[in-house]
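Reviewing the structure listed below.
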Amino acid sequence: MRSWALRQLKESAGQYAASAAVVAIVSAFAVLLLETTEVFSAAVASAGLDAVDAVRMGLGTVTVVFLGIAVVVAVLVISNTFSMVYAGRVRDIALLRLIGATGKQVRRTSLIDGVAVGLTGAVLGIVAGVLISLAAIAGISASTGAELSFIFVPQLILVPLIGSLVATVAASYAGSREVSRVAPIEATRSSAEGQRLPERAARGRSITGVVLFMAGLGLLGLGTVVGIAAPVGLLIAFPGGVLSIAGVIIGSPVLIPPVVALVARLLPRSAANRLAAANLLHDPVRTARTVISVVIGVTLLTMFTVAGEMFIAATRDYLGQGDDVASVIDGLLQAVYALTSFSVIVAAIGLGSTLSMSVLQRRRQIGVLRALGLTTRQTRRMLLAESLLVTVVGVIVGLVLGTLYGFVGANSILGSQYFGPPLLPPVFLIVLVVGALAFGALASLAPGRRASGIAPAVALREA
Amino acid sequence: MPNPLSEPLPPRSATPAASSPAAQVVALTKTFGDGDSAVHALRGVDLAIQRARITAVMGQSGSGKSTLLQTMAGLEPPTSGRVLLGDQEITGMNDETLTRLRRTRMGFVFQSFNLLPALDALENIRLPFLLAGTGVSADTEAWIEILLTRLGLADRAHHRPQQLSGGQQQRVAIARALVTRPDVLFADEPTGSLDSASSRDVLELLRAASGEWGQTIVLVTHDPVAASAADRVVRMSDGVIVDDWAGGSAESIAERMLEAGAR
Ligand SMILES: Nc1ncnc2c1ncn2[C@@H]1O[C@H](COP(=O)(O)OP(=O)(O)O)[C@@H](O)[C@H]1O
Ligand SMILES: [Mg+2]
């Protein structure tokens, strides 16, 4: 069993590259955030200011929030990889089950993959993070004359290492849930099935998702109302935001596909579009995970932008003071964009690798389509449409959620003095939409090229 | 299952001169790889496929049957020789043109059915029109209705492939191959994954398509029972055609194959 697992791991190494990269990026991000906290605190302390605790607290919160979000996105992306890799092993697993392996044993082998990916990514990420920190510290010291130096604390290694292992093992466990249920009989069946939640699990998920989302909305509403009376609404609204986004994530395999179907219906009725939609809807779990990884980034960007704009408007209109506050908030927004970019990069890698792996899995199907008359151009368009559908749905859902959170967030703090409508700057909207479309198109390039290179004769060769 | 042959197939709209072959290969060779590892899958094959007939291609595993079918269908480029569809030379056509040709003038049935799991039975049958981007005409809709009924799939139209038995999946695949009324239907071991009852259904359907509707069919098989549905049997061995006769009963075909094998 162990040697089988190790052999499988070796064969899947290429497919895990993207996941290891994702882990490395998040680990490096963790090192950068932690080191920033240390260096900043030391600088404040050496300047003789007694704000050290406040600085630590503030940067610590930033670290927890943004790192936490990046980790959630990474886990979504990596679970997708694992579930697709494992889906490719269905026949093998069924054979193992046939000769007596239990579902539990099969599941345990997934740990090996999880640990391998987590360890590889963490080591690379920690090294990269430390190197970037050293370079940044040297750069800042040289340009500002400040006496900054690299500070080593054990957390720099422990946090990303342990975090990566926990996250990848959790993701591999989530990804292996489907295959550990593989019945021995499936050794004789084809492995091209999409992942569907069993009827009961789907119902359970959608109910849990909707209940959490509704409860979250309730708190968001309450927070807004309280915010009109006193600036403490955020204390109520914040858990509401967390609950509602958790509801969206949990319910996503049930809630996202209908949105995909709706958007797909608005596209021109070409073969490429129609097939793309069918492919996405055929595997609601995978599609939901990919969409959600986009949703999270867009939600964050939108939320901070909307709240930031509302703060600027409030200070201008109500307090009558303008430009200083505006430039401070603009600066904060830039920092937030930079912090969010890590999650966005992770989502982009996830989209590209999910598409690539789905092409690998669908070689035969694509061969059939080519034999039946799908041109190479149509093949590339099909992948482009899949990618764009995911991004567009992600952007729509993210914009709705982000605008809601930004609006509630701002009013729950400011509402008692200035209750304002949500503000979504057109420039932001344009950059977001254009950026997302470009990112979707880019992610589909390599998988599209690979798909259009599949020879139609593949369909006739026996697997 | 209702008898799939209870309704007649509509006549073919335009029947070209019965004498000219529907497809033809001339001095065809195909070599995979090169140097020491080269495999000569076809070593000079001449074959003309008659219209409105079933031509069975038999032979042992590895004798080049599938390679011949794929090359004839423009799925693999030949190493040398010519491939014609009707009187049109397809050797050297670019991928785009070939793809369009397959879409409109050829039909395919595979051993492992190869329906798209993301589409239901009816969508799978309509797939060639979806790929062509042409709507489905009222005439074709009626034709699809007839196919569904005749293939015993009327109540399965909205089932996914995974919800269908192997025999049902293969019947959907045949409907998909017949829906465009192709010049040639290429079938590679279409009964290879089916039990004997489903195999019989599939063979009866192919017989009906050729006998009543004039469908030209190239049927690759190593099974004498399947070959007994054919009007003509050619036997391949080691990349060349070594026998060519009018077929007959499964027993007589099996006997002739055995004799040849013993020699
Ligand atoms: N794509 C390929 N690459 C290399 N060799 C091939 C390929 N396809 C077929 N062959 C070889 O060509 C020969 C004929 O194969 P095939 O046409 O599939 O035979 P059959 O269908 O009669 O079993 C075999 O030796 C096979 O291994
Ligand atoms: Mg073969």
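Backbone N, Cα and C define each Cβ position, glycine as well.
Residues annotated as domain 'ABC3 transporter permease C-terminal' in TrEMBL: A:65-182 (among others). In the predicted model, the domain 'ABC3 transporter permease C-terminal' (A:65-182) has a mean pLDDT of 87.
For A:340-455 (among others), the entry in TrEMBL reads domain 'ABC3 transporter permease C-terminal'.
Within its own chain, the transmembrane segment (A:12-34) has Cβ neighbours under 8 Å at 59, 62-63, 66-67, 70-71, 74, 77-78, 81-82, 84-85, 88, 113, 116-118, 120-122, 124-126, 128-130, 132-133, 136, 153, 155-156, 159-161, 163-164, 167-168, 342, 345-346, 349-350, 352-353, 356-357, 360, counting only residues six or more beyond its boundaries. If you look up TrEMBL, you'll see A:12-34 (among others) marked as transmembrane segment.
If you look up TrEMBL, you'll see A:54-79 (among others) marked as transmembrane segment.
Sequence annotations record features per position, and here TrEMBL assigns transmembrane segment to A:114-140 (among others).
Sequence annotations record features per position, and here TrEMBL assigns transmembrane segment to A:152-174 (among others).
Taken from TrEMBL, the feature transmembrane segment covers A:210-236 (among others).
Among the features that TrEMBL reports, transmembrane segment is placed at A:242-267 (among others).
According to TrEMBL, the feature transmembrane segment maps to A:288-315 (among others).
Look at TrEMBL and you will find A:335-360 (among others) tagged as transmembrane segment. Listed as Cβ neighbours of the transmembrane segment (A:335-360) (distance under 8 Å, sequence separation of 6 or more from its ends, same chain) are residues 15, 18-19, 21-22, 25-26, 29, 62, 66, 69-70, 73-74, 76-77, 80-81, 84-85, 88, 279, 286, 289-290, 293-294, 296-297, 300-301, 304, 308, 366, 383, 386-387, 390-391, 394, 439-440, 442-444, 446-447, 450-451, 454.
Residues or ranges marked as transmembrane segment in TrEMBL: A:381-407 (among others).
Taken from TrEMBL, the feature transmembrane segment covers A:427-446 (among others).
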Task: For the domain 'ABC3 transporter permease C-terminal' (A:340-455), jot down how many residues DSSP puts in helix, in strand and in coil.
output: 98 helix, 0 strand, 18 coil
Task: Check the transmembrane segment (A:54-79) against each of A:114-140, A:152-174, A:242-267, A:381-407, A:427-446 and return whichever range has the most CB pairs under 8 Å.
output: A:152-174
Query: Which residue counts does DSSP yield for the domain 'ABC3 transporter permease C-terminal' (A:65-182) in the helix, strand and coil classes, in that order?
result: 100 helix, 0 strand, 18 coil
- request: Would you confirm whether the transmembrane segment (A:427-446) and the transmembrane segment (A:288-315) meet the contact rule of 3 or more C-beta pairs below 8 angstroms, pairs 6 or more apart in sequence?
  value: yes
Task: Rank A:114-140, A:152-174, A:242-267, A:381-407 by Cβ pairs under 8 Å to the transmembrane segment (A:288-315) and hand me the top one.
output: A:381-407
Message: Applying the under-8 angstroms CB criterion, which one of A:114-140, A:152-174, A:381-407 scores highest with the transmembrane segment (A:242-267)?
response: A:381-407
